[in-house]
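Per TrEMBL, the features are as follows:
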TRANSMEM  50-70  transmembrane segment
TRANSMEM  82-99  transmembrane segment
TRANSMEM  111-129  transmembrane segment
TRANSMEM  141-162  transmembrane segment
TRANSMEM  174-196  transmembrane segment
TRANSMEM  284-301  transmembrane segment
TRANSMEM  308-324  transmembrane segment
TRANSMEM  336-357  transmembrane segment
TRANSMEM  369-390  transmembrane segment
TRANSMEM  402-423  transmembrane segment
Amino acid sequence: MEKTLNWKCDFKLLPPLICLFLITFIDRTNIANAKIEGMTTDLKMKGNDYNMSLWILNIPYICLAVPSNLLMKKGFVKPQMYLSGIMFCWALCTIGLGCTKTFKGVLACRFLMGVFESGFVPGCAYLIGRYYKRRDFSVRYALFFGAAVLAGAFGGFLAYAIEHMNKVGGYAGWRWIFIIEGCITIVGVVVALLCIPSYPEDSTFLKPEEKQYLLAMLKNDAGKSRPNHYSSLVIKECLLDPKIWLGTLAYFGADNAASSIVSFQPTILKSLGYSNAQAQVHTIPVYIVALCALLICAYVSGKVGHRYSFLMFAAAIGIIGWSIELAQVKAVSARYFGMFAITASAYIQMPILVVWLSNNMGGNAKAAFATGFMIGIGNCGNLVSSNVFITDQSPRYKTGFGTGLGLNILGVVASTALELYCWTANRRRDAGKEDSKLDSSSEVLRDLGDDHPDFRY
């Protein structure tokens, strides 16, 4: 029954979300492709104007991720309605980027994109987590997150193809990148409405006996204390839980690496001597290799039920990549290899960190908060990357590469602290040192979540 349920959920839930995330990530990253196709020249952008157009999106993205997930948790709107609604809004903003005549128009469209995109990735992560046991969640989320990596490759290919539309209809090629990809997103809205299921308890693709079995299985997997609501105790646990803060800090370091590659890889490759078309095409293998590494590590980590060692493996690859770029090796092939290492490192770490934190949250209420908090606040890495790759430092970008190396090491420290915290807590509970909490009232025990003595990280 469990295998049957997993297969049914896989085919119903994952394909539409993966397709939509692919579209979403292309919309977020296409500005990097448009930049080298003449956007900054046509709009008379100077100095660090491009950097500003990157980080302004992240202000609402960071601030609204948690409120968005709490709104989804409350169930005021069905997941398919909510996700498709925000998709439609940011699709209009993407098309607006292709039509704007001024730099101020770019800032306005990018800010509104951040408002509407803020709820998509945390919302999808929360929805996927509602359907699977903790050990099964890792591979499913990795498959979903792999769409972001695939989008990097597909976005480069699409930009390469669209650039040949230069002057069609009187529009520059970079404008068509935004317009066509925004129209593709609107098509994705129809997919979202028709294909995304609701939460397990409201699902219609499961038979009554399957739904009952799934809910019982998930409840048993989560343990005795599984708060599905917000109380003063649950909110306090969310805000003061060191696991959430440590996990978010590690995600912050990985996100900085990913956003650096997404926003500046075409520019960096062009500075190494490649033409516009060559720079677009050379981004594709980088993302394909990262996707393969992500899926392999996620699958193996899920099978063995362990995350930390895979994070350290990815961090080590990242340190090598950042060090090569920072050392400014003259060989173009070595610099290109650095791009592979940095990208693979970032995209291995990010989904594993989300799964690791979600697995260690007791209850849907806390999982919704933690997922939104990690992805939202961790996305501050975008604010850093968009300000440290300074235009005047091209092609060396010492500030950008040095910051990336430092944040990579910070992620190692945070992940290690999180591993030690979970290991120590499990040892204490195995030894019965937390059993005094069992004397609390039934209301308190109900809301303890992963702080319950019977919960194991």
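Every residue, even glycine, has its Cβ placed from backbone N, Cα and C.
All TrEMBL annotations are machine predictions without curation.
Counting only same-chain residues 6+ beyond the ends of the transmembrane segment (336-357), those with a CB under 8 A from a CB of the stretch are 125, 137-138, 141-142, 144-146, 148-149, 152, 243-244, 247, 250-251, 253-255, 257-258, 260-261, 265, 268-269, 272, 282, 285-287, 289-291, 293-294, 297-298, 301-302, 307, 310-311, 313-315, 317-318, 320-322, 324-325, 329, 370-371, 374-375, 404, 408, 411, 415, 418. Sequence-distant contacts of the transmembrane segment (174-196) (same chain, at least 6 residues past either end, Cβ-Cβ under 8 Å): 12-13, 15-17, 19-20, 23-24, 26-27, 30, 33-35, 37-39, 42, 79-81, 83-84, 87-88, 90-99, 127, 158-159, 162-163, 165-166, 168. For the transmembrane segment (284-301), same-chain residues at least 6 beyond its ends with a Cβ under 8 Å from one of its own Cβ atoms are 138-139, 141-143, 145-146, 149-153, 156-157, 261, 265, 307, 310, 313-314, 339-340, 343-344, 346-348, 351-352, 355. By number of Cβ pairs under 8 Å, the transmembrane segment (82-99) is matched best by 111-129 from the list 50-70, 111-129, 369-390.
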